[in-house]
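Right, one structure below, let's go through it.
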Amino acid sequence: MDQEAMGNIVLLAIVTLISVVQNAFFAHKVEHESKTHNGRSFQRTGTPAFERVYTANQNCVDAYPTFLVVLWSAGLFCSQVPAAFAGLMYLFVRQKYFVGYLGERTQSTPGYIFGKRIILFLFLMSLAGIFNYFLILFFGSDFENYIKTITTT
């Protein structure tokens, strides 16, 4: 890959790698809680504390593919920097959701709701980027240049 192409995706790759570390942390918490109450073997059922950790991890894993798709789509089709920033915010609220779920379930609600909004924002960024691509393809009009012109005046 050339340097310019790398520069266009490096922030997205960093956010993706941070999300992998976060997933490993969540998995470690599940394993630790399982071994604490079930001995050496991993069981999917157990104490209420284990059930909360396992469910919180599973909920995060369920949303993870969607997050990766909209993160990379928004970064590639629209703009890398806002997509990477939104991705970092999503990881922050996902951490808040996970930790909140381990306490009372009502503590996890703000993280869950804000996480859904960030996913929606990334999705809309992706749609805007794809729409701009087709504007260029069919009409030769780059909407992104109009936005840059308006914002610099």
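A Cβ is built for glycine as well, from the same backbone N, Cα and C atoms used for every other residue.
Taken from Swiss-Prot, the feature intramembrane segment covers 108-115, and the record attributes it to similarity to another entry. Per Swiss-Prot, topological domain 'Lumenal' is recorded for 1-8, 129-153, and the stated evidence type is similarity to another entry. Annotation source Swiss-Prot lists topological domain 'Cytoplasmic' at 31-52, 103-107, citing similarity to another entry. Feature annotation from Swiss-Prot assigns transmembrane segment to 9-30, 53-77, 81-102, 116-128; the stated evidence is similarity to another entry.
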For the transmembrane segment (116-128), sequence-distant contacts whose Cβ falls under 8 Å of one of its Cβ atoms, 6 or more beyond its ends: 63, 66-67, 70-71, 73-74, 77-79, 82-83, 86-87, 89-90, 93, 143
Non-local residues, at least 6 beyond the ends, that sit with Cβ under 8 Å of the transmembrane segment (53-77): 8-9, 11-12, 15-16, 19, 23, 26-27, 29-30, 33-34, 44, 83-84, 86-87, 90, 94, 97-98, 101-102, 108, 115, 119, 122-123, 125-126, 128-130, 132-133
Across the topological domain 'Cytoplasmic' (31-52), average pLDDT on the 0 to 100 scale: 73
Long-range neighbours of the topological domain 'Lumenal' (1-8), counting only residues six or more past its ends (CB under 8 A): 76, 80
The topological domain 'Lumenal' (1-8): DSSP-derived helix, strand, coil residue counts: 6 helix, 0 strand, 2 coil
Structural state census, the topological domain 'Cytoplasmic' (103-107) (DSSP three-state): 3 helix, 0 strand, 2 coil
